[in-house]
Amino acid sequence: MSVRPAESITRARSVERLVTGQATSDGAGVKLTRVLTQPLQRRLDPFLMLDAFGSDRADDYIAGFPDHPHRGFETVTYMIAGRMRHRDSAGHEGLLENGGVQWMTAGRGVIHSEIPQQEEGLMEGFQLWLNLPARDKLCAPWYRDFTADELPRFVTEEGVEVTVIAGESHGVVGAVTRESTAPLYLDLQLPAGASFTQALPAGHNAFVYVYRGELTLGDTPVPPKRMAILANDADSDGVRMVAGADTRALLIAGRPLNEPIAQYGPFVMNTEQEIYQAVADYRAGTLAV
Ligand code: CO
């Protein structure tokens, strides 16, 4: 793994607020924590949802997510531990496991299933929903699986291990880049006491989700299982964090689309009329052809 010197920034963003996720279930009864909920979609534009799942009780995940549709955005599934099989209407099939990422652009429409391939043991990971600009909402579906080995990684001089799922960090380009929303998606493993700095454009919305350990961002301690929404301070050019313990966290940022958001379940469009159309197409069997 290449060692990279720290990115230098002049002023770090402050924390605007801490968010505790909401326990919920989705699919055929998978227990999960919705960290980024619908009321935060405008604030965290272009991100629409972040779900965290993590359980070693098979009952919490075994039913999986049988066939369901999506239109108008992208889903990014990051599997920390466990095995899940994906199949979709475009003929794609893949096994997502330990440390792998599945990036799916639903575009004009995909019907897919996500089914656990284990009957016991830990299943842990995240699903992030990234919006598409209006002009791309009906684009052709796209899909790619990345195994853990295929994801770009580096380590900082302070020993922070960084997986670059999307965007660019310390000169390392991630597995996926997107022009319109310029998403940055980093998984950080910080040893206790280590600090990490990342340059961020001031106008991009950004948040950190601590899933193990604890961090201090500016003056704000961030306990485990909390999302810290970073303020868009006009004179700040990045984020700086210090780990209070061995810590794992996601750092996610992107350029807001500033377009209307109309969501009905798995369809995210710009207007109600487009939502009606998505529902009609799904009922008519023409959503994903
Ligand atoms: Co889905």
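Glycine is no exception: its Cβ is also placed from the backbone N, Cα and C atoms.
Whatever TrEMBL says is automated annotation, not expert-curated.
Residues belonging to the domain 'Pirin N-terminal' (31-130) score a mean pLDDT of 94 in the model. Annotation comment: TrEMBL describes 31-130 as domain 'Pirin N-terminal'.
Cβ contacts within 10 Å of His70 (Fe cation binding site), excluding its own Cβ and spanning all protein chains shown: 25. In the three-state DSSP scheme, His70 (Fe cation binding site) is classed as strand. What TrEMBL lists as Fe cation binding site is His68, His70, His112, Glu114.
Counting residues per DSSP class in helix, strand and coil order gives 13 helix, 50 strand, 40 coil for the domain 'Pirin C-terminal' (185-287). Taken from TrEMBL, the feature domain 'Pirin C-terminal' covers 185-287.
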Since the record lists His68, His112 as binding-site residues, which of them has the fewest other Cβ atoms within 10 Å of its Cβ?
His68
What does DSSP say about His112 (Fe cation binding site): helix, strand or coil?
strand
For Glu114 (Fe cation binding site), write down the residues of its own chain that are at least 6 apart in sequence and whose Cβ falls under 8 Å from its Cβ; none is a fine answer.
Gly27, Gly64, Phe65, Thr77, Met84, Arg85, His86, Leu96
